[in-house]
Amino acid sequence: MAHDSQQLGLIEKNSHLNYLRDFRVEQCQLFLQHKCTQHRPFSCFYWHFQNQRRRRPFRRKDGTFSYDPDFYCNDYDEQSGVCSNGDDCPLLHRNANDTEKRYHLRYYKTGLCTHESDAKGHCLKNGSHCSYAHGANDLRQPVLDSREIQNSDLALERLTRLCISLENERALNDDPKWSGKKQMYSIYLLKPYDLDSHYVLANYKTEPCKRPPRLCRQGYACPQYHNPRDRRRNPSIFKYKSTPCPHVKQSDEWIDPTVCEVGDSCKYCHTRTEQQFHPEIYKSTKCNDVSVTGYCPRGPFCAFAHIERMYNSIDLYVFTKLFLYLSI
């Protein structure tokens, strides 16, 4: 294990090495003293409860991983964070936020994130601990185990898993309402670049996902909401301003929208999604990913403009017609 750490130190950036080696491996000492300021919302580099604990991954002398990056252990208790096989268990533990998989030597920062970065370069969705790369300079090469090196089929299988995982976050929902209904909008003679924009603005995150919890293959990229913080009130039904609700947004943090006693009748935005996809703000500023790389992984679900002519291109008359059509 010591030799493996030395090898990693030679090939990994310090910022990457810090996460691969230490993220959520040790318990937060400030938390034990009731002094950790990163407990709610939980954003601490260290674990607070046992089920948040992550085992440090490493390659053994024979070149295999200390635990598999793909297959989960059935003996691990997700509530208590205890496995009957102990830390030597050769399989993944499905701990809180799935950090054993996300920060494994095989996958950490090997794919580009689907979400925007803030001014500090941190992920707008996952914060400073995002396990996906934000820009080409943040990408790293995956560490392969000896079986992958000897077996190209296994290496291809794992690469395919990663690609599927990323594409699922970027893909359009296979719900007929998202894959087919928008094709009917040709009756309004919308320009090609308007088709997705108008439909997304009218429907994005306004309905709950029909899939069982944790089984939606699209994750954050799903056009339907998974929880209250992900939800967006339909702007054609609920009239609210693009200004954040002071009860829900405190400083730079959006908290649980259920804290607002007014509920859905509130005249202000309750989630980041409601603000970014508000008719007054949607597509009004240029997408940073397109500006920098010429590519946006969010595709039609991006709240920012991809081409100059998209700026404020939402025609109110057409927008009204769309809502009337959707209500039929």
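Every residue, even glycine, has its Cβ placed from backbone N, Cα and C.
According to TrEMBL, the zinc finger annotation covers 72-96 (among others). When Cβ-Cβ distances below 8 Å are used as the criterion, the zinc finger (72-96) is approached by residues 49-55, 66, 104 of the same chain, each at least six residues removed from its ends.
Annotation source TrEMBL lists domain 'C3H1-type' at 72-96 (among others).
Marked as zinc finger by TrEMBL: 107-137 (among others).
Per TrEMBL, domain 'C3H1-type' is recorded for 107-137 (among others). Along the domain 'C3H1-type' (107-137), the predicted structure has mean pLDDT 86.
Only residues 6 or more beyond the boundaries of the zinc finger (239-273), in the same chain, are considered here, and those with a CB under 8 A from a CB of the stretch are 41, 124, 204-205, 225, 228-233, 280-281. Summarising the annotation, TrEMBL assigns zinc finger to 239-273 (among others).
Positions annotated as domain 'C3H1-type' by TrEMBL: 239-273 (among others). Secondary structure of the domain 'C3H1-type' (239-273) per DSSP, as helix, strand and coil residue counts: 8 helix, 6 strand, 21 coil.
Residues or ranges marked as zinc finger by TrEMBL: 281-309 (among others).
What TrEMBL records for 281-309 (among others) is domain 'C3H1-type'.
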Subject >> Counts of helix, strand and coil residues, the domain 'C3H1-type' (281-309), according to DSSP >> reply: 11 helix, 2 strand, 16 coil
Original post:
What is the number of residues in the domain 'C3H1-type' (107-137) that are helix, strand and coil, as DSSP sees it?
Top reply: 2 helix, 5 strand, 24 coil
